[in-house]
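Noted in Swiss-Prot for the protein shown:
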{"type": "BINDING", "residues": "54, 55, 104, 132, 135, 265, 266", "note": "carbamoyl phosphate binding site"}
{"type": "BINDING", "residues": "83, 165, 226", "note": "L-aspartate binding site"}
């Protein structure tokens, strides 16, 4: 089911795929701080044209924990890309040297192009402002590990839901489960119409809100993304909106006792640091799950 597959869009995976991935990730948790030889002799090429900390490092650690090796680059500096080499030619070279390619790029569609060119499987580690499928898989895996299920939960997405690529992929993944999603953002920062139309066509229950205080008592999960300052022409408008989409201790006064707060990280100031010490804060555990989740992904794709 997974062997040899590309991971380009969250839309390409169904519930059976995800449940198989989650079970394998849970199995891989016991190896996340050790080394096994499941992928001994395999080489992963990383092509990160954009900055990354958690995604890049967790992929590299995952491959090394599985006994494989890593080659590649982080930024175009010092590569033939600086000389004008095309993306397609760069991918062809990496394909010749490796068994799987992990790519991050600022342009939407870059991962799809890479998959069309390469014979080896390609994993999209984020392209443009739209796709980040492995982050969405990690997010939903964290929910699954915390609650033992995803079905039946009320999930709130808070912040800039238009420009955060994690949001698009997360919504697409969630269409495989029986959940209700609360979209909490300024109207101008709601997800793209195309995304909304797709997830509604898949039967996902949606509601739109502009105030977290009005709905947080109903939520089982709050998934926070930052309000992106660079999207605002008027800095005063940014300051006004930013403060309305922040999680503080006061925000958490009347929440469910088993509420969890997630964030793809890095954060700026959208979650008060005092929230870190509450039982609701699960974003660091979420980040830690990145290694076993990506170990599972690599193993399932490259398994003998």
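Yeah, the Cβs are placed from backbone N, Cα and C, and that goes for glycine too.
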Task: For the recorded carbamoyl phosphate site, whose residues are 54, 55, 104, 132, 135, 265, 266, find every other residue on that chain with a C-beta no more than 8 angstroms from the centre of their C-beta atoms, and list them by sequence position.
output: 52, 53, 125, 126, 166, 264
Task: In whole Å, note down how far the CA of residue 165 (L-aspartate binding site) lies from the CA of residue 54 (carbamoyl phosphate binding site).
output: 15
Message: Through the lens of DSSP with three states only, how would you label residue 266 (carbamoyl phosphate binding site)?
response: coil
- request: Going by DSSP, give the three-state secondary structure for residue 104 (carbamoyl phosphate binding site).
  value: strand
Statement: The rounded CA-CA distance in Å from residue 135 (carbamoyl phosphate binding site) to residue 165 (L-aspartate binding site) is 9
Statement: Sequence-ordered binding-site residues within 10 Å (Cα) of residue 226 (L-aspartate binding site), taken from 55, 104, 132, 265, are 265
Query: Given that the record lists 54, 55, 104, 132, 135, 265, 266 as binding carbamoyl phosphate, what is the largest C-alpha to C-alpha distance among them, in Å?
result: 16
Message: Measuring Cα to Cα, how far is residue 132 (carbamoyl phosphate binding site) from residue 165 (L-aspartate binding site) in Å?
response: 6
- line: For residue 55 (carbamoyl phosphate binding site), the nonlocal same-chain Cβ neighbours (under 8 Å, six or more residues apart) come out as 104, 125, 126, 134, 135, 290
- prompt: Long-range same-chain neighbours of residue 266 (carbamoyl phosphate binding site), Cβ under 8 Å, sequence gap at least 6?
  reply: 53
Message: Return the count of C-beta atoms lying within 10 angstroms of the C-beta of residue 104 (carbamoyl phosphate binding site), excluding that atom itself.
response: 23
Cα-Cα distance linking residue 165 (L-aspartate binding site) and residue 265 (carbamoyl phosphate binding site), given in Å to the nearest integer: 12
